[in-house]
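**Q** Handing you this structure, nothing more for now.
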Protein chains: 2
Amino acid sequence: MKYVTGLHCIKCGKEYEADPERYLCDDCEDGILDVDYDYQKIMAEWSKEDLKANPDQRIWRFEPLLPIKPETEKPKLAVGDTPVYNSPVLAEEFGIKKLIIKDDGLNPTASLKDRASAMAVVKAQEADAKTVACSSTGNAASSLAGNIASMGGRMNAVIFVPDRAPAGKLAQLLIYGADVVSVKGSYEEAFYLSAEAIKKWGWYNRNAAINPYLVEGKKTVSLELAEQLEWEMPDWLVFSVGDGCTIAGAYKGLYDLKQIGFIDRIPRLLGVQAEGCAPITEAFRTGEELEVTAENTIADSIAVGKPRNWLKAVRAIRDSAGEMINVSDDQILAMMRNLGKKTGIFGEPAGVAGMAGLKKAAAEGIIKRDQSAAVVITGNGLKDVKNARRAAGNPIEVEPDLEKLTAIFVEQGVT
Amino acid sequence: MKYVTGLHCIKCGKEYEADPERYLCDDCEDGILDVDYDYQKIMAEWSKEDLKANPDQRIWRFEPLLPIKPETEKPKLAVGDTPVYNSPVLAEEFGIKKLIIKDDGLNPTASLKDRASAMAVVKAQEADAKTVACSSTGNAASSLAGNIASMGGRMNAVIFVPDRAPAGKLAQLLIYGADVVSVKGSYEEAFYLSAEAIKKWGWYNRNAAINPYLVEGKKTVSLELAEQLEWEMPDWLVFSVGDGCTIAGAYKGLYDLKQIGFIDRIPRLLGVQAEGCAPITEAFRTGEELEVTAENTIADSIAVGKPRNWLKAVRAIRDSAGEMINVSDDQILAMMRNLGKKTGIFGEPAGVAGMAGLKKAAAEGIIKRDQSAAVVITGNGLKDVKNARRAAGNPIEVEPDLEKLTAIFVEQGVT
């Protein structure tokens, strides 16, 4: 960790050594930590040209800005290097100047969370831990299980899920060979059992909300985007927001790049929550402490009523002169179909919520007609076929008869 | 099409001009065509260094070996550039020297078929067609719908499916905005209705078995693999086999590379079919004409009882001094879990059938201990969660109680 100078608490500022098992501030409740770098030294020793010449296309190409020891073995999955598309069609539809879409659902386990989980596998090794644990039924769990599996049997993932977890999500975890503990109880009970177990067996804790290193993995999404855009940043950068880690990580990446002079401005961040679960939007608007809310949305990956990283997220959005906005489930479902139809990108509900928010922000004049925006699709729609089916509408039904088909096509204007 | 000299029938040798709508030989039944190139000219004008310097990572980087006009607009999805992994763990388990795995399930619509469908979108434009049609519920259809969508509304896909098509597969097609015609009848009835409709409305025909250009798209999988392996070919290259197009395409790519001197030998091809549907293996073994079989396998993407491209496939495997082998559904399901657990790659049943065949071929001594092999995972497991669940086994079930969890962990040797 050549350039890491330490950690600091985002609440009280207290500094800590960058120990891989240092998760939280000792003095503050919810005292989330942030990783500090020696930007002057990085500037002196690393350039855009060095980066360009690096043949490693995975997230590890940004090593000078990552809190890892160069010699630690990386999980083998090819995390990162997800495609960026320019969509003039949707830009025109939304009434903005330019629209860039980054499809992070094309990561190896099909979500942005691979970036954090790959980091967890590295940091666990640096903490001499063979087992990494996680309590989730979602993308954090599946990405952890996949990245652990890619170590070829030398490490182990233990995943705690409530017994209501859907069969499909269980399948991904079990295929990756994780020890999956199905807890007969609520999500809270699964979470607390995992916390006790982590403490008892000394496993490494893959919880992006409290583990400061995982956010550093997530920030590679904006490092990568900036490089792909040849360091020309858009006016706005849009993310869906659940527990706040992803948008906070994205901001951290942009902040880092500005400090070392790779970009000259940080885009304004637009954070998008689901109407049925928007505690961070509320805290952003009121300026008060976060109030826990219900979790009423189909966008399960951002359905977080008690987000741990809300303060980091709110500060990131404020510091970027950004905004927050909420979208309805219907707007999300409509956007799944619109995005698929106009771009060939199939996102899960939380994955396209950012895009639905961008459309709304443009309609409300938050994003202006002469402004550009980039949005990250955070997860693949194949992860949630049930909601895709709700979004997708119905096929044309017909007997096997060309005349009947012709009549329907004429009626519907297909040909 | 700077280097394309024409087409020839693989049965009678009759030559044709490379018209985008030339599908089959006029004189032969099932007269599949192959695309010919001026290899001397390519050798004189294109080098490995030129390729290396090409910043386009998509399949279009191989343009001199593709039957396309340079100026034709490409679909925007980032098809190709899928990762290659080295798995010493599985090589040791199977008892071979080296094992390379290419995960083609990380293509934009999650299967190798994106390579053919992207080509279909290009060739349709060259034929002045705005609509491309396809009769399938599988990866051919979803990849076509996705690649058409990425044109931003300027083109249209019409997909014919039998009304028993599973909801999940329909979802992907409808999300991409295809006109999906659900035919009240069997797959055959859907196929014949599509053929009539294609004829009536003059749509472009995306049927890899008869359209010679689509196989040229598929061949990019071996062009890409060869470049990623720095032109050092393994002893064996393994594919699952359904209608025969993919393995025939892979061979064509290798043949092209050998003709222009980029590789010095063609690996032996191992074709793998499912025991419940193995007409090509039978034809390969008997040397007789293909006999149509039933389609009894969970590996739906290779369940083709009447494969159109069997002759091309059989010849490719013979010309490479290769072999064919069959695997059971149980072997496929076991390999889904083994592959997931040891590598973090989640393949669909047809996607991992090749890997199951590789294991069997090694056990039977077809692939020797001192030989290397590469295998392509052709589709993503998220496409078929139902079978993944069958493969994946069960979680540990426990009350929310640390003592009970401890007892189970001790019993099962988890910690």
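Using N, Cα and C of the backbone, Cβ positions are placed for all residues, glycine too.
Predicted automatically and left uncurated, TrEMBL annotations should be read as such.
Here's the feature list from TrEMBL:
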- B:77-379: domain 'Tryptophan synthase beta chain-like PALP' (DOMAIN)
- B:K113: N6-(pyridoxal phosphate)lysine (MOD_RES)
- B:N139, B:T378: pyridoxal 5'-phosphate binding site (BINDING)
**Q** Which of the listed recorded positions (B:K113, B:T378) has the least company, meaning the fewest other Cβ atoms within 10 Å of its Cβ?
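**A** Output over recorded positions B:K113, B:T378: least Cβ neighbours within 10 Å is B:T378.
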**Q** Hey, how far is B:T378 (pyridoxal 5'-phosphate binding site) from B:K113 (N6-(pyridoxal phosphate)lysine), Cα to Cα, in Å?
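**A** Their Cα atoms are separated by 8 Å.
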**Q** Can you grab the distance from B:N139 (pyridoxal 5'-phosphate binding site) over to B:K113 (N6-(pyridoxal phosphate)lysine)? Cα atoms, rounded to a whole Å.
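**A** If we compare the Cα positions of B:N139 (pyridoxal 5'-phosphate binding site) and B:K113 (N6-(pyridoxal phosphate)lysine), the gap is 6 Å.
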**Q** Looking at the domain 'Tryptophan synthase beta chain-like PALP' (B:77-379) alone, can you tell me the average pLDDT?
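**A** Here the predicted model's pLDDT, averaged over the domain 'Tryptophan synthase beta chain-like PALP' (B:77-379), is 95.
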**Q** Looking only at DSSP and grouping its letters into three states, which state does B:T378 (pyridoxal 5'-phosphate binding site) belong to?
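**A** In three-state terms, B:T378 (pyridoxal 5'-phosphate binding site) counts as coil.
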